[in-house]
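Asks: Pasting in a structure now, in structure tokens, and then I'll have a few things to ask.
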């Protein structure tokens, strides 16, 4: 089966969805991302959906799931490049994507993640004496 | 008014993707803006997914509906599933979905202009929803063709389905292949097992054969050793008995003489038995060496006659050797042939009370085999016993058995010897009618090559003269004339082929050659004699009744002389012989 490629970029994972995903593909992406976050210790996940013309409730729910799971694994998810029509449709559909942070494009998304990583480092440095082996 | 556009079957998740993409493209073609395209596609995706997930598949149909002059893109999704159990709850938003956050149907209703849903346990679920075409946009019936064509050209749901079908078939054949492969593997395994069994069996058989061979070898060696051991004391007994009988140590009382005579006879019997045993052991051990040489049936019978005469104890039985006249000589082990025939004749004499024992020989020129037959008029042998008598130590019960001595080894040994000579020993018999034992052997011992090494031994010190003539009368006359030559030995051949062979094998000092011969004629024989290194020096006298012409003389250049048969006289032959023989001696 096809897989959506996941790229590691510094502290982040970069996912660019370029095909219209069927449900299983979307679920596979969720699993792959979860594992990759654990194995790479990424602090952020950037999902670029600029190529998607349709985001229905299932894909929306998958994105929300990804965001929820990665937050559990200490990584922020940012969905970037959502088309206006898709955004409107999602709202009309009644899907608000709770817990999913969004950015207009990939650049802003990366900035968002970098800032968050920097904050975490600062906090981590301050707490360092109390914390063992969290890397 | 409804104009159908396209219809799709949805069975799998991938079909949902295709359906929403077709919906989006169709909306685009119908003039919907991007936002509406997204709405329509999303709505189709939601409802189609429900059909796949909850009903296991269904059908999506797109059409243009015109109601009161307003045109809409109408989508109908039908499935044959179990229906929606709590439709009202779903529509009121109380339902919690496992897949789409429970907003699929409600969301779709919001996205579209109209939305109807019917659900029943029997008929499945049918969802119809529509979106008005953009303002100012009218689709005419003629446009439908173009739209359908565009969709068909772009989308290939059918091709996809076809590919899927092919894939399914491929998978099916693959699994079938795997099954076959498994079957084959299993069969192979079974065969390997069988094979292992066979191999083990073979090994066992080999072992058995080896054991048998060793046992047989041991027996032969035992026989051979024991026989040798027996012979030494036996010879002493024989010698001492003879000494006593010869009165070397003084006179014997008549009773003593008789007793010593019995001792001597018993010892002789025992010696015979031991000798036979030794022979059998030798044959079995393959230690018998054959000494082939050339001899004739007449010579063989002559020698046998002398040896066997003493065995003929009763006048009531006549022992006859039938002379078969001149035949091709044998080249084999004369001693062994003689031993077999001695055995057969002595047996025949033992079991014949009255009548005759006849020994004949016959040469089959075609198969080049001699058959010697010993026919008696004795008590005969029952069919059951006919094979048994060839086994070792077997003696058939009959009223004469008690009277005659024997070891039960003679026929067994004879048969083995016959096989050794490349032949066979068989019996034909009927109780009361007598028996015929037949020894059939090749006239030339197999494996001795075409030309024997030794020529037949010379009888006298005179010349050996070969007469080659097919007519008995001519041969007789020539033999009569030639044998008056001092010391001459005359041998004969009845045709050209035999003449050549005898010339090569028996090395005559002179050849008397007839010209008219069956097969090879005299001219040809003369030519071939000249070609062979061995026969070239032999002088040849042509002896013919033909009238010779000039060309004939040229062909007879090589001949030493020519004797016309018409005017044959003893003196003439003798002087010609003398001249030719002298010429032969002087030849290089």
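Glycine is treated like the rest: Cβ placed from N, Cα and C.
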Asks: Out of B:361-394, B:395-428, B:429-462, B:463-496, which range is noted as region 'Disordered' by TrEMBL?
Replies: B:429-462
Asks: Pick from B:90-124, B:125-159, B:160-194: which range has coiled coil per TrEMBL?
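Replies: Feature coiled coil in TrEMBL: residues B:160-194.
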Asks: Can you work out which residues elsewhere in the same chain, 6+ from the ends of the coiled coil (B:160-194), have a Cβ less than 8 Å from its Cβ atoms?
Replies: 9, 14, 18
Asks: Can you tell me how the residues of the compositional bias 'Polar residues' (B:429-439) break down into helix, strand and coil by DSSP?
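Replies: Helix (H, G, I), strand (E, B), coil: 0 helix, 8 strand, 3 coil.
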